[in-house]
Amino acid sequence: MTSPYARELEIAQLAVQRAAILTKRVFREKAKGTVSKDDASPVTIGDFGAQALIIAALRANFPGDAIVAEEEAAQLRSDAGLRGLIWDLVRSTRLSGAAEEALGGVRDEADLLEVLDLGRSEGGRKGRVWTIDPIDGTKGFLRGGQYALALALLEDGDVKVGVLGCPNLPVDDEAPLEADIGANQTDEEGRGVIFSAVVGQGATSRPLGTGGLTEGKSIRMKEVTEMANACFCESVESGHSNQSDSAQIAQKLGITKPSVRMDSQAKYGSIARGAGDIYLRLPTSKTYQEKIWDHAAGDLIVREAGGQVTDTKGQRLDFGVGRTLATNSGVVAAPAAVHGRVLEVVQEVLGLK
Ligand SMILES: Nc1ncnc2c1ncn2[C@@H]1O[C@H](COP(=O)(O)OS(=O)(=O)O)[C@@H](OP(=O)(O)O)[C@H]1O
Ligand SMILES: [Mg+2]
Ligand SMILES: [Mg+2]
Ligand SMILES: [Mg+2]
């Protein structure tokens, strides 16, 4: 008997792997100066191209499912030049060997727009909903630092399958956490990893390849025996997470190491494999609502690796409210055994108790 969600997991990973071939091409061509067209940023090109390829794979395999994706086609409808550039990339990006056969493609430029707009679902608590962030950590992508292609399947509001493609993280699960290096790490030997998880089946990492999937390894969070030695990750952008609050929290917890700042859901993947221990995302404004595509895959991967993920109020992230995590505020992710203690200090510093 095949395990539940086996096909969803396989297709999701292949789709992410194919889309990562495109984002890496865009980065390389940007470095050579051949990709920019007028004011189109490479991240725009990569975002649209990767989203189109991922949705095409979902459309071919799970045509009845709803999709909540970050980008939409509007800008491409009015910009034929940009549309043509993206179409050229999309039509020529394929997995090697038989793996490509399982994934559907995009037919033409008109279909490109159609496919992109399939991601405009409002989400919600009913049925199967895929959520996609084609490039998470756009700043990291541009710098040649960390970024992720994120894909998750929700069923009745719960995350069932999560996949994170991280082209610039080390393949080696034991490799120490690197602060945002910002150098061009794309294509460096030993980099590129896919994290994945299925509810109740644990979390896995495997090299990000260009054809069929290779064997995965099970990953677990590291046990925190001494808080002083714990390592916490946070956003690079101070506008995305309050870094002065996190410094105070770390100090109160007795953490002596400086935080590791890293873009994207690579933070979730890194703590899930024990390269780091804690991920804090502390609100910088009362009005910003986190987007479901920025957290769904990472949330499941960390929980399946032995972690607990809540918001700063101590509530589980609720992916069933719509396109945003409207009822949550920030993120606190840590090994289950110490999550309570971390949350207590977060609430003390934020004045929530
Ligand atoms: N004000 C504010 N607060 C919190 N989050 C915000 C905010 N503004 C944007 N975003 C979202 O942050 C996503 C990137 O998060 P990161 O953790 O990668 O940030 S950072 O790049 O490390 O600084 C980023 O995802 P991408 O757009 O896919 O890069 C945004 O969806
Ligand atoms: Mg994002
Ligand atoms: Mg994005
Ligand atoms: Mg964005």
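Heads up, the Cβ atoms here are built off N, Cα and C, so glycines get one too.
Listed in TrEMBL for this protein:
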- Glu70, Asp133, Ile135, Asp136, Asp294: Mg(2+) binding site (BINDING)
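In the vicinity of ligand 2, defined as a Cβ distance under 6 Å, the following of the binding-site residues Asp133, Ile135, Asp136, Asp294 are placed: Asp133, Asp136, Asp294. A simple Cβ count within 10 Å picks out one of the binding-site residues Ile135, Asp294 as the most packed, and that one is Ile135. Other than the site residues Glu70, Asp133, Ile135, Asp136, Asp294, same-chain residues with C-beta atoms no more than 8 angstroms from the centre of those residues' C-beta atoms, the Mg(2+) site, are Ile132, Pro134, Gly137, Thr138, Ala148, Ala150, Ser264, Gln265, Lys291, Trp293. Summarising the environment of Glu70 (Mg(2+) binding site), the number of other Cβ atoms within 10 Å of its Cβ, over all protein chains shown, is 20. Each of the binding-site residues Asp133, Asp136 was assessed for Cβ neighbours inside 10 Å, and the highest tally belongs to Asp133.
Look at Asp294 (Mg(2+) binding site): DSSP puts it in a helix. Residues from the binding-site residues list (Glu70, Asp136, Asp294) with a C-beta closer than 6 Å to any atom of ligand 3: Glu70, Asp136. Candidate binding-site residues: Asp133, Ile135, Asp136, Asp294. Not one of them has a Cβ under 6 Å from ligand 4.
Secondary structure at Glu70 (Mg(2+) binding site), taken from DSSP and collapsed to helix, strand or coil, is coil.
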